[in-house]
Amino acid sequence: MNTEATHDQNEAQTTGVRLRNAREQLGLSQQAVAERLCLKVSTVRDIEEDKAPSDLASTFLRGYIRSYARLVHVPEEELLPGLEKQAPLRAAKVAPMQSFSLGKRRKKRDGWLMSFTWLVLFVVVGLTGAWWWQNHKAQQEEITTMADQSTAELNADKDSGQNVPLDTRDATSQDTTPAQTAPAPATPVDSTAATQTPAATATATQNTVVAPSQANVDTAATSAAPAATETPSALPTSQAGVAAPAADPNALVMNFTADCWLEVTDATGKKLFSGMQRKDGNLNLTGQAPYKLKIGAPAAVQIQYQGKPVDLSRFIRTNQVARLTLNAEPTPAQ
């Protein structure tokens, strides 16, 4: 009867009461139990008062109670029913991993943004390349067209230039015929001079064939042959005056370091030159300023105007057809 009464009494006592009674029987204080179990005094007090701290997990609380029971020699099996009531096991709540899905969604968005950026970059590069190619092709077509036009003009100039010596030769023969058929004077000195006149006439005729532009000068010299018979020293003087003309201050001098097409027009609209110049070639032009120039390859030509070099660097940098006008500078009065 006493055993059953003791068992019923133990069941009536809670876990905290039984642990406190066992501690008091052993003469231990709460401080001593806390030091041996490495717990806080407040935790030991909560266990004896059957309190479950809110900041303490049930798993840890059950472990502390078992350690306390072993310390005060209380069987753990007797405390199990009370443990289920005092510290029931609670299922742990698992929070959804929102950060992972958020990071994945953000990474996907960044991938789309990067793809769009690369697409825009490729489009810009493609448009730039197409624009450059169109400009380059247009320049090449323009140069080809100008070269074809200059070739046609050169052929026309050659055809007209071949007819000039024939007309000049006829005019020269007409002018020299009276000089050859003129009656010879009676004096021996005059006959000697008349004998030299046909030779000078023949020489003038040969010069007109070689240089058509001097036909008028040679014709005038031939028509003046009777006057030369009277004063033989006058002929060399007049020839020297024709051979050494005065230098034109508006002369245009060009030296070519590579093949280059160009067109030069003076103020009257006359084309002084239009065509292709080869490497190491030189070109001296004289006309009425200002000059208008079109140069296919500015880097291949060096220009001097009025003794000063012409700056073509702005055309060389852009690698375009040079179009410029050279204005005449006033010369100082002498």
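Each residue, glycine too, has its Cβ placed from N, Cα and C.
It should be emphasised that the depicted structure is a prediction, and the values quoted were computed from it without experimental measurement.
Annotated features, as they stand in Swiss-Prot:
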DNA_BIND  30-49  DNA-binding region
DOMAIN    19-71  domain 'HTH cro/C1-type'
REGION    155-207  region 'Disordered'
REGION    221-241  region 'Disordered'
TRANSMEM  112-132  transmembrane segment
The DNA-binding region (30-49) - residue tally per DSSP class, helix then strand then coil: 16 helix, 0 strand, 4 coil
Average pLDDT across the DNA-binding region (30-49), rounded to a whole number: 87
